[in-house]
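Taken verbatim from TrEMBL:
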- C:287-397: domain 'ABC3 transporter permease C-terminal' (DOMAIN)
- C:20-39: transmembrane segment (TRANSMEM)
- C:279-301: transmembrane segment (TRANSMEM)
- C:335-356: transmembrane segment (TRANSMEM)
- C:368-390: transmembrane segment (TRANSMEM)
Amino acid sequence: MLNMNNISRIYQSDTIQTHALRDFSLRVNEGEFVAVTGPSGSGKSTFLNVAGLLDNFDRGQYELDGVSVQGLKDDELSRLRNEKIGFIFQNYNLIPDYSIFDNVDMPLRYRGFSASERKRRVEQALEKVGLASRFKYLPSQLSGGQQQRVAIARALAGEPKILLADEPTGNLDSLMARQVMEILHNLNNDGATIIMVTHDPDQAREVNRNVQVIDGQLADFKIYAPLGRSSEVKSKTISEAASAAVAEEVENA
Amino acid sequence: MPNDSMFFYNLTLAMQSFKRAPTLYFLIILTLSIGVGVMCANLALVNSMASDPIPEKSANLFHINMNTWPDDQPPDEPMHILRYRDAMAVTKSNLTKGSAVFYASGVYARDAESSSMKRFDSEVRATTPGFFELTNAPFAYGSAFENSTGMEIVIGDELNQKIFAGKNSVGKTLELDGELLTIVGVLKPWLLRPLFYHPTEGRAFNLTDDIFAPLETAIDLGWSIHARSSSAVNYTGIEETRDKDVYYLQAWVELADINQKPALQSYLDNYSQQLKDAGEHPLAIKNELHNVNEWLKVNKVVDQKVLAFTLASVLFLSVCIFNASSLLLSRFHAAKFEVGLRRAIGASNRHMLVQGLTESVLLGFFTGVVALVLSWLFLKLSVQFLPRLANIAVLEPKLLVLGMLLALVTSIASALYPIYRANCYSISAELK
Amino acid sequence: MNIKALLKSLLLRKFTTGLLILQLSITLGLLINSVILALDTNNKLSQETGLDIENTLIVSLRPTSGEYRNLDYYRSIVSEDLHQLSKLSGVEGVSLVNQLPINKNGMLGNFYDLDDPEIIRKDKYLRDVKFFISNENLGNTLALALLEGRYLTKDDQRDFGGNEPGNIIITNSLKKALYGDDSALGQETNNGRIVGVVKDIMLDPTIPVDKQYGVFDNRSMEFIFTGRFYLLRVTPGQVETVRNKVTDTILAVQAERDIYRIITMAEHMKRFYRHDKGLAELFLLLCGLMLFVTAISSYAYSQFHISRQKKYIGIRRALGARKKDILLYVLTENWLVYSLGCTLGLMMALGFNILLSQYISLSKPDIMLFIFASVVIFIAGTVATLIPAIKTSNIPPVIATRTV
């Protein structure tokens, strides 16, 4: 699914070269839930940016879902982000003056779907995170956890191949964090490939593969759960799996 | 020298702020000063045109319109030009403190004793002697002529400069169209804006006359009428007009007490009624008395084109204010981190407000300086475009003050909302 | 708390957007009306005068010495002037006249057929007919187009001081006013007998074209002191050569004259309209300044929004928007503002037009002008915001993962 080989990312300032990633190699298979941990400044954010095609890299090869991304034009990268990747950010990154519906709808517009198709997908995605009834709300009218669920819905609506989550529970209290994590686990159980950057060792332990980044390199990895389960659900897209997690919706105080 | 006061601290901050975003502040000052400059130039024109040229007695001087046209087809009703006998009747009223009856003419003048044959084109006011006292004409040398007859004249400063290099020329003789007249008085530089005693025919911003000659003398010499005249009969020269229905004289009277106006009105109405009773005219009794400011208003001395342009300048100024406001808004937005920081370390809302106002006052000051230069430029420019404004395009001291105030007001006005906004940014949002 | 913050953010945007829309609409309003003024003035200057304005020279002069009070002396000098001027090469005709066409007011009088004096009650323009005191050469010099009858001749000059009516020619509109389609030849009027009718020339541009009433007689020698203008008909291309010789020629005859203007009829017409033109130019100048200021505003507005939206643009990019999507997004937002500005500007233009027409006369705005002005605003605005828009589209998607 995701295959990084000897990736280097160097930030150049006037005097100093910083190797944010150095000869970084990682292979993520379809259906895996990978937690990326590491001290701050270790390069895990850079890794996520490179993986999500938000940032480019200086050396190495990166193949995403069978597409080799080096040398692609900006527009082609945009297209890949739009079709293959779903982002979940630490601070949700919802557009504040857009309604929930419009927020989820936004990436679909860039995809060029028809209005009816977009409506169907937005409703479906919101349904899965349990916020279908609130599509008219503005982000500021929701709790942090609900906002993050909207962000998840937005990531799911495009039916991506892989979900990239950057500290998805970083801004949430533990109860809400729990809900979000459950959604992610359910998605994974239904076959979604997820890469999550986190600093919470408990969360890292819950997932089937933990990767640690130190000084821009892969330090170690441990397997907490057997691999290979996902190969059977190849044909399924991840968004079809989310619903279960929101069964016990907790009303926001 | 460093100074501890908050004011100087704020001033320093404002200067720092200007230095930090020089292009932006340059644009703000530029747009605001263009707006204020255009506005100020316009106000200078309107101010010159709308001012009272003789404030000490403008309420007591009355221009007389009469309705004595001999048939039922008068050119105007009533007319602002009178025939000789009607005008003389006005001067005979004992209600008035003084009166002036005159017409405008023109001659070529030279010093009779000079060897040079160069003659100067001179505007002439052929008038009764009461004119000088009525208009408060300022004498530099000599005095007014005493009678409406006699070969005596009073000349203006400009002609005296041209012919006699500004020296006391009383007693000298001028040759005017072949006639010799003696100078009995020389005026000081005399600016009347507007030229209230003759604002008709678009002359409101002409200069005062070069030569003031006795009315009867000018008529006898046949000096032609250089202003509007209307005639119900044929005539060849002005010397025949005393007993004909030729309308060309303007009459002003001065009342010691404006409460006498009704008495004067009925005096004129009586006169008209007598004429009508004698079958000399078929018209309604309709005589009008306008004081100086009323008469200027009737004649629309404030140029309509300038008024139209003033309207456009007002719109332009508002656009400039809007522009400065949005520029300031983006500046303050960019500085919101700093605002947050200052608030966090204990600056009160009031402190920030004062700081913002200090900045905008300083901005207004710079704007004012640039604007005054620009308004001078715009005045020159508008005279290029509208040459007839040449004599009124002056920046009086009060206009300079007004321009400065306008700059300050616009600058503060455009900063008000941005300052308010800046103080609304929550401290916590900016400092994480 | 959240709702309050939201409202504030909305108000902020409303405020800046509102300001820009107001500016755009005022600019549009002024632009439209300025162009109207300029077009009006152009139309006035290019209107048909019935005169060969380029090849007619006007010499304005006055004698300066008392000698001229002797009218016989005056006449002899003027006759010699005209004679000498007519001998100049390039001069095809010379005449003198008391007043000029293309002028307001001047020497006016009432005019009626002796059989129908009451007609002046019906047509007020008949009370202000322009009287041209001239000589037999005026028709040739101004190239007046004869419609019926004949030009005036030397024989039409009357004895000085006589009271019997002389022969006159009149303009066609005056003939129509008095006689309709009938012939006017031989008709007796209060100012003489009509011997010819000429095509209208532009006498007073401030009155209707069908009210250009004028009368020409041959009495300038009698009233020699009214002959303030010499008119010269010049061979095309010779205007400057002739103009340079006029002063010397006249002063050589007799030096005590003040020649204060030698201009072509075209220049005279420009002088007549110079204040209209000046005002139109002032307005256009102001328009230029206003466009400049508004362009700065549009630029600042875009900049401001970019600084505020940087993060959101990054999010859009992260979610798959291409650069051109962002460019289009920013430009569309601007175009929406311009459209609103132009719509409001239409009202502004109408309102401003009504306000202005209280002070000056100007035409009503038309739809083509509105479209033209809107296009100018769109182009100026797009140019001003193109750089910020391109900058915006270059915002890297990685902004989205930064937490500030």
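Every residue gets a Cβ built from N, Cα and C, even glycine.
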Sequence-distant residues near the transmembrane segment (C:279-301) by C-beta distance (under 8 Å, 6 or more away from its ends) are 16-17, 19-20, 23-24, 26-27, 30-31, 33-35, 37-38, 40-41, 334, 337, 360, 376-377, 380-381, 383-385, 387-388
Contact set of the transmembrane segment (C:335-356) with the rest of its chain, CB cutoff 8 A exclusive, min separation 6+ beyond the ends, reads 17, 20-30, 32-33, 36, 301, 362, 364-365, 370, 373-374, 377-378, 381-382
Using DSSP three-state counts, the residues of the domain 'ABC3 transporter permease C-terminal' (C:287-397) come to 94 helix, 0 strand, 17 coil
Mean per-residue pLDDT in the domain 'ABC3 transporter permease C-terminal' (C:287-397) works out to 86
